[in-house]
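Per TrEMBL, the feature domain 'NADH-Ubiquinone oxidoreductase (complex I) chain 5 N-terminal' maps to B:63-106. According to TrEMBL, the domain 'NADH:quinone oxidoreductase/Mrp antiporter transmembrane' annotation covers B:124-410. The domain 'MrpA C-terminal/MbhD' feature in TrEMBL is assigned to B:606-670. Residues or ranges marked as domain 'MrpA C-terminal/MbhE' in TrEMBL: B:679-759. Marked as transmembrane segment by TrEMBL: B:107-137, B:158-183, B:268-288, B:295-314, B:320-344, B:448-471, B:491-513, B:558-578, B:598-615, B:647-669, B:681-701, B:741-760 (among others).
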Amino acid sequence: MDIVLPFITGLLFATGLYLILHRHFFKLILGIILFGLATNLFIFTIGRLTRGGSPIIPQGSEVAIEPYADPVPQALLLTAIVIGFGIQAFAIVLVKRVYQAFGTNNLDDLNNTDKTIIPPKE
Amino acid sequence: MLYFILASLIYAFIAPFVHRAAGKYGIAVQAGVPLVLFVYFATFLPDVQKGEVYTEIYNWVPSLGVQLYFYLDGLALLFTLLISGFGTLVMYYASQYLKDDAGLGRLYMYLTLFMVAMLGLVTAGNLVTVFICWELTSITSYLLIGHTHEKETARQSALQALLVTGLGGMALMAGFVLLGIAGDSYTIPELLTRNDLITHSSLYLPMLILILLGAFTKSAQFPFHFWLPNAMAAPTPVSAYLHSATMVKAGIYLLARLSPALSGPDVWHFTLLVIGTTTALLGAFLALQNSDLKAILAYTTVSALGLLVSLIGLGTDAAIQSMVVFLLAHALYKGGLFMVAGNIDHAAGTREYPLLNGLHKQMRFTGIAAMLAALSMAGVLPFIGFIAKELLYEAKAASSYIILALSFMVSVAYVAVATIMGYRIFWHNRSEPTKLKHQGQVTMAYPPLILGICALVFGLMPGHFVAPILGQAASATLGETIDFELSLWHGFTPVLWLSVLTILAGIFLYSVLQKKREPIAILQKLYANGPNKLYFVLLNGLQRGALHLTATIQNGYLRLYIASIILTQVALLLYTIWYNSPTLQLQQKINLLQDVLFHEWLLILLVLPAIYMLLKTTSRLTAIATLSIIGYTASLLYYLFGAPDIAATQLLIETLTVVIFVLVLHKLPRFQYLTHAHRRIKFVVISVLFGATMTYVLLLVKQFPLISNLKEYYGQNAYLLGKGKNIVNVILIDFRAFDTLGEMTVLAVAAIGIFALLRLRMDKEEKA
């Protein structure tokens, strides 16, 4: 699996970035979620894969017994996933509100939401 | 001395309140402060004239070797007397000149601040304090030039002066640091004794260039002379104080002060001589091309500063003697003439001298003051200006006849200017006298009159009043004690005949100027493209460049931001990998494929079509469903590789995301393609490049064993220290509890944000 996961991760990175680069709000959110997934997998893979072997101390023992997975990347990941979820939820609601307020689904239209500013030259 | 200077500094900030409270009589206090300082410094005269040096040392920042070091020798005392003496007169003059100006209180504050900074500069015995005071004079000068801040030209000129002298100040700081390194001290008295060490240092040339940049910008030497005439936008009292007698002389002071430490190598003498002489000629020439009285005076000031620099450059005993005498003479007559010009401007409402005629009846006292100052400027016999010019000619004649000839030309121009100032405006009756807005005020004529009388008295009795202190100043500049005698009458020497010739030639030049007043067209074009133009080109270029840069970088398009961030990262990664990392051994990796189990293949095969669907679908619901396929797959992967906690969390989060999506789905924008095909190709290229880089990095990292003591540490101690069997949990809530607290805070903030967004009421405009 060590050989396959890097490719999956790269694929998810590429897809996520590709979606983020679009102007559409909805794709932006999908892209952010995918990008987050890819990052998590990246950290997970870098922490080495161990089949089975959860980082849990067995009954009757006071210390963990090999083989068990590295708990450090797991702790990082847990934090990352939860924070990522906070961002996702916020982004989804934000997009909804922006869509309601401005009636557009195009990121570029948000360049100048202030009324006084001169329209941009492109 | 510290207390006197500190008290004045504190007083500066209450000056506006004193002005408001005391009204007309407040001037007694305002002018009283510099007067007290003048008297205080004058009490040092007897000791210093004997050649003693007064010092006062306070440790300020001992760890950096910065001291509040007051060092009062002849040179410093000469300057303190000039500064405080002029300060008294200028304060009084300002109170009359700007009687009805609402900003007078503010002006008092700035003038006092400036005076304190200037006094600090000339008495400082430590390079760091010199620099601090130097910058303070630049800043107060900015505030003073911009006094009439309603006018754009005043603001522009103030900024110009600040930028030019400020840049010079930066160079000066760097120069001081180099000087401190080369001389192994930041204390001026120590540096003055280390001429050999400094001039033979490898840092000498860069140090010299930087220090000269500072001095030349401050003292308006070519090619930085342009800011001084523009600074005439300041009210006349300010011009008289800063731009004739004191601030612009700070550069001269610095050169004179450091001369014992820096002089010796040819490059010092040569640079000062060439730049000084060029500036002197250029200033004199430009003065004759102008018709605005203040502009004429400003250019002659530039020219006089050039002469002073060239004299320091000569560096002979005679040159330094004439330098200190000329310094005093120039301050006296130029300060007076500036005030005269201010009086005329005040009364007539114009400073164009061709429009001014026969003013002596209406402004008798100003006229007398103008005549006294002008005679000193022209170098006529009983005045101190005469002595200065005699010494100047003697010093220059001793070096080279070319330099003497150039000085002669400059002096001729001074005579012509003096004739304009002292004769043409007041006594020349070619036509009807100019009508004035109001009669000349006697009170405004007092300060220039006092200066004129000083010039006369000092000239008549040079030995009594000024010779001892000037002698000490010259000794300090030379770094050795010299015999110094001043006398009015030198006998019928060749230099005397040269003086007479100068005056005759100057009057002749004046009469030529009277007949032909049109400026020369080619020269006008040349001025328009001079350093002043260059300054504005650079300034505007900087602003435009900044605007372009901002428009390019901060373009407001999210995708461009992201693309540039990603591409930078990829470039840096690839660069590092290319140069520093071993290559990837793919052959070994392929063998690993055999280890992949059947159900793992199944999961992977689930992801690929999901990604495909995600990119192809036009239905929002399908997109969400396929996204959750990928999420659930990831969660299964976590479970299979020993991370049940993450798997559970991922599962939960994935479900919640779908729920939120579905809840707000009907409010979300329709799913459509907005991007053009060619742009999409660009996106694909960037994305694939990025994905491939990440894959490569990951494969490369996995080629090496992971060495982590943390795994073992947590495995050993999770139960013993944290009393928990699930190591990941223990890490999160015990070992790294503060991180988790931070995480919770982030979530809480996100929740508040979401709540606020949902409850936010839009106003009607936004809905439309």
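Note: Cβ is positioned from N, Cα and C throughout, glycine not excepted.
Between the domain 'NADH:quinone oxidoreductase/Mrp antiporter transmembrane' (B:124-410) and the domain 'MrpA C-terminal/MbhD' (B:606-670) there are fewer than 3 Cβ pairs closer than 8 Å, counting only residues 6 or more apart in sequence, so the two stretches are not in contact.
Outside the transmembrane segment (B:741-760) by six or more residues, the chain places nothing with a CB less than 8 A from a CB of the stretch. The DSSP breakdown of the domain 'MrpA C-terminal/MbhD' (B:606-670) into helical (H, G, I), extended (E, B) and coil residues amounts to 56 helix, 0 strand, 9 coil. Long-range contacts of the transmembrane segment (B:681-701) within the same chain: residues 559, 563, 566-567, 570, 573-574, 577, 581-582, 584, 586, 589, 675, each at least 6 residues beyond the stretch ends and with a Cβ under 8 Å from a Cβ of the stretch. As a whole-number mean, the pLDDT of the domain 'NADH-Ubiquinone oxidoreductase (complex I) chain 5 N-terminal' (B:63-106) in this prediction is 87.
Break the domain 'NADH-Ubiquinone oxidoreductase (complex I) chain 5 N-terminal' (B:63-106) down by DSSP state and the numbers are 29 helix, 7 strand, 8 coil. Residue counts for the domain 'MrpA C-terminal/MbhE' (B:679-759) by DSSP state, with H, G and I taken as helix and E and B as strand, are 70 helix, 1 strand, 10 coil.
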